[in-house]
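K.L.:
Feature annotation from TrEMBL assigns domain 'Cytochrome oxidase subunit I profile' to A:8-529. Residues annotated as transmembrane segment in TrEMBL: A:74-98, A:118-137, A:161-187, A:199-225, A:259-278, A:285-305, A:317-339, A:574-596, A:657-681, A:693-714, A:767-786, A:798-822 (among others).
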Amino acid sequence: MNALERHRRLSAIWASEPGFRGWFSTVNHNDLGRMFLVTAFFFFLVGGLLAMLIRAQLATPHSAFAGPEIYNQIFTMHGVVMMFLFAIPTFEGLAIYLLPKILGTRDLAFPRLTAYGYWCYAFGGTMLLVSMLFGIAPDSGWFMYPPLSDAIHSPGINTDFWLIGITFVEISAIAAAVEITVSILKYRAPGMSLDKMPIFGWYALITALMILTGFPPLILGSVLLEVERAFGLPFFQADMGGDSLLWQHLFWLFGHPEVYIIFLPAAGVISTVLPVMCRTTLLGYGWIVAAAVALAFLSFGLWVHHMFTTGIPHMGLAFFSAASTLVAVPTGVQIFAWIGTMWRGRPELHLPMLHILGFFVTFVIGGLTGVMVAVVPFDWQAHDTAFITAHLHYVLFGGFVFPIFAGIYYWLPHFTGRRRFFRLGEIAFALVFVGFHVTFLAMHWVGLLGQRRRISTYTPEDGWTAINLISSVGSFILAFGIAMILLDVLLHALSAGRGRRNPWKAPSLEWAMMTPAPAYNFASLPHVTSRAPLENDPGLPLHLATGGGYLGTPRDGRRETLTVDIASGRPEMLVVYPANTRLPIVMAAITGLFFLSLLLKFYWTVPLALVGVAALAWRWVWGLGMQEDPVPQPIGCGLEVPHAAAVERGPGWWGSAFLLTANATFFGSLLFGFAFLWTVAPGWPPPEWLTPSWGALILGLVGVAAGSLGMRLAMRQNRRGAAPSMGLALALAGTLALAYGCASLMLRAPAPTEHAYGATLLVLGGYGLFHAALAALMVVFTAAQVRRGFTSRTRRSVFSITCLWTDYAGFTGSIVLLAAHLSGLSP
Amino acid sequence: MRDVVRIMLAPLLWLAAFSAVYGLQGLLCGHDVTGSIAGLPLPRVILIAAYGLAIALQCGVLAWLCRTRAAVGSRFVGFVSRATGWTGLVATIWSLFPVALLSICG
């Protein structure tokens, strides 16, 4: 088979449906990455437009441009759009598009999950935009502090749009994070051990793990606040045992890592692009990986530095002040490694390099003001002023937007297969750089003069008029520059001439394919022996195109790829992907119906939507089953590996493990909330404690043990070739007993609308009940698979996945039951 | 996965220790714990003991990472895990140092 024939056959297997219809059924990472990026930049334009409105309002004193109600919506939506609908999805889009290419594989781990995540993002973002068009957008600031955002002080639907819309969008982030984590750990080219992994892969892995552990506290906070608003459960009402500070803790447990979730992928872009622009290799690869890991962890110990003025004891403040200053060290390690890379190489001032230089100047200033506000006495002075707004823009624009522009110009020839023709980009960069610094240096200044953030107007006597005008002029220069960049990119995509492959002479694998990238990426998968495969073997693209690598022969119309051992990169199993389907968009629509029902308070459609999601999820995984035992598959280069269905820990197990990591963080945050309210909230002890029920407790705990033992028994029976019915029956009985224990707790909890204690027990019980029911459903699913002949001694992966979920339900359920009953004993 | 866990072990331990000591301080203040041991206030003694335990654990992890570096598959993982091990130790000493000096509940 020659290269052209191989290309045609692979394209026929991997291509999306032609035309418009393909958008709705594609599960290919090339399409979905582009769709994510285009949608994210659409939201960037919306957010930018809102920023212009803010600056128009503040340009002059006593401005009548927008009244306070509209202005509140404008600045809230600016923050919400930029943080949730632009920054994170841009990372997701870039990672989804790039990762399989730089890792030397054909797609991400779970293509349908990628599509589902995209549609959740698109529908959730649309929901928020629609609220703005109707003038009922969120208006309590992007961090939505209660009591301002509670039902008493914000009675309209505006806040609900934030709480429900953002939670919907965050499904997308969690889905992408699971996808990215499993892909980086398992879906790499053979031979690509951890030390040979491209640096962007490390950054994306760390970021994805941070999303999995950083987003759940916010999801929990959103759930609790929405439940308070809708049903009166007083989690944040101080007179009923709640505490509005709990929201701040949950929000900033997400919010501060969020800054690094935004920065780290951008740092990955810098670490990838900078050495190519400097014609050298990255200095201190190992140090940079260690620094990125350190930064990720330290960023979780900073959240209280957003709460320095809330009256927390001095010792608590000092912990977080110390951690906040410490975080500058790993950041500095990366900055110095990049400076060293430039020093060692021969920098060439191509357009991506200009944006990288813009990043250096801007981000370093933002980092230095960050150290200033990490010092408590300074923060007390600057808190809630325009100085803080300016600082965060230096960090986020400097640390994300400049690097992303560098990345876009760097990978643009890859996206389009064209070479730059128009030269608008350089002028646009100058406008963006000057406009940004004029806008936000002025904002630092006016902040130090005392201008509060979020004010809709001011008086001439305040003395801020000239500075605000300068800032507004700067912002319009900035907007003009960004518009020129987008025009430049558009012109490039539509009209520039064909370019040659790998115009930057980069060493990484994404340039070892034709551009724009074919749907299958690599005609055959490479064997990686170094961190710079293209530099070491310039003939690699031809070798792969002619089928010299792994899986070079398309067979049976199947979309095939390989997974590898995490550490060594040794080929481990063959994975066959599902083909194009509309299942993800339908499931996202039904998920949207669930959230919309909550938003509009059509509670009768909530269970219908839940049943719909469960039915579609059943269909989703049912289709993966096989009714014949797969034999070891030849993959080329004289190797054979087992099929993914024939291993204990297949892709589904890994996906479940990381999804449960996020879930465990959610649960841990819930326990933290319980402990926080009990310890710190003013309205405790509650008027009534739970009356322990030893029967329900013992039944629940016995159920936990039975569920876990039952699944293990089923696995053992299956391994021996016996029918696993006894084990599955025991597991089902166990999970149902646990469900009974949790339901009983919910029914016996003291009145949940009267005190936060009862409300917390209700939510804890609900969490346990939901997971017990989910585990029971999975046991039933496993039994159905057994009955229909989808399992055998060889095809056993479904058992280990169900066992994982049953164990998790048992573990969390037992903590729920024990925590609730022990609290009942405390008086 | 073992290699990834090895790299993340010490920072994870720091995060756990940091959260635990912050939580402990909250509990001591929330429940108004008083008393003294050898002339020192009881809450201070408890917090310093927790601080010492956290440092000892970090030292143990770092020693283990150094001692077992030969058993690791690649030099890279050995290097990065020792670097993050040092990070965990320094972060513990620095970020929890306030337990020795500052007022606890004021």
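For all residues, glycine too, the Cβ spot is worked out from N, Cα and C.
Context for these features, please: burial, neighbours, distances.
P.N.:
Here the transmembrane segment (A:74-98) has long-range neighbours at 29-30, 32-37, 39-41, 43-44, 46-47, 50-51, 53-54, 57, 66, 108, 114, 117, 121, 125, 128, 132, 137-143, 162, 166, 169-170, 172-173, 176, 179-180, 200, 204, 207-208, 211, 258, 261-262, 265, 269, 396, 400, 404, 407, 411, 415, 454, 510, meaning same-chain residues at least 6 beyond its ends whose C-beta is under 8 angstroms from one of its own.
Residues 32, 35-36, 39, 43, 46, 70, 73, 76-77, 80-81, 85, 89, 92, 156-158, 161-162, 164-166, 168-169, 171-172, 175, 584-585, 588-589, 591-592, 595-596, 599 of the same chain, all 6+ positions outside the transmembrane segment (A:118-137), place their C-beta atoms under 8 angstroms from a C-beta of that stretch.
Listed as Cβ neighbours of the transmembrane segment (A:161-187) (distance under 8 Å, sequence separation of 6 or more from its ends, same chain) are residues 76, 80, 84-85, 88-89, 92, 95-96, 99-100, 103, 105, 107-110, 113-114, 116-118, 120-121, 123-125, 127-128, 131, 136-138, 140, 144, 149, 197, 201, 204-205, 207-209, 211-212, 215-216, 218-219, 222-223, 225-226, 229, 561-564, 566, 572, 575, 591-592, 595, 598-599, 651, 654-655, 658-659, 662.
If one looks beyond the transmembrane segment (A:574-596) by at least 6 residues along the same chain, the residues whose Cβ comes under 8 Å of a Cβ in the stretch are 16-17, 22, 24-28, 106-107, 111-113, 115-116, 118-120, 122-124, 127, 164-165, 167-168, 171, 187, 558-563, 602, 605-606, 608-610, 612-613, 616-617, 619-620, 623-624, 633, 635, 641-644, 651.
With a threshold of 8 Å between CB atoms, the same-chain residues lying at least 6 positions outside the transmembrane segment (A:693-714) that come near it are 724, 726-742, 744-745, 748, 772, 775, 779, 782, 799, 802-803, 806-807, 809-811, 813-814, 817-818, 821.
Long-range contacts of the transmembrane segment (A:798-822) within the same chain: residues 625, 648-649, 652-653, 656-657, 660, 663-664, 667, 671, 674, 690, 692-693, 696-697, 700-701, 703-705, 707-708, 710-712, 714-715, 718, 724, 731, 734-735, 738, 741-742, 745, 749, 761, 764-765, 767-768, 771-772, 774-775, 778-779, 781-782, 785, 790-791, each at least 6 residues beyond the stretch ends and with a Cβ under 8 Å from a Cβ of the stretch.
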K.L.:
Other than its close neighbours in sequence, what residues sit by the transmembrane segment (A:259-278), given a CB gap under 8 Å and a spacing of at least six beyond its ends?
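P.N.:
Non-local partners: 83, 87-88, 91, 94-95, 198-200, 202-204, 206-207, 210-211, 214, 288, 292, 295-296, 299, 334, 338, 341-342, 344-348, 350, 352-353, 356, 359, 392, 395-396, 399-400, 402-404, 406-407, 410, 504-508.
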K.L.:
Take a look at A:285-305, A:657-681, A:767-786 and tell me which one has the most Cβ pairs under 8 Å to the transmembrane segment (A:199-225).
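P.N.:
Most contacts with the transmembrane segment (A:199-225): A:657-681.
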K.L.:
If you average pLDDT over the domain 'Cytochrome oxidase subunit I profile' (A:8-529), what do you get?
P.N.:
93
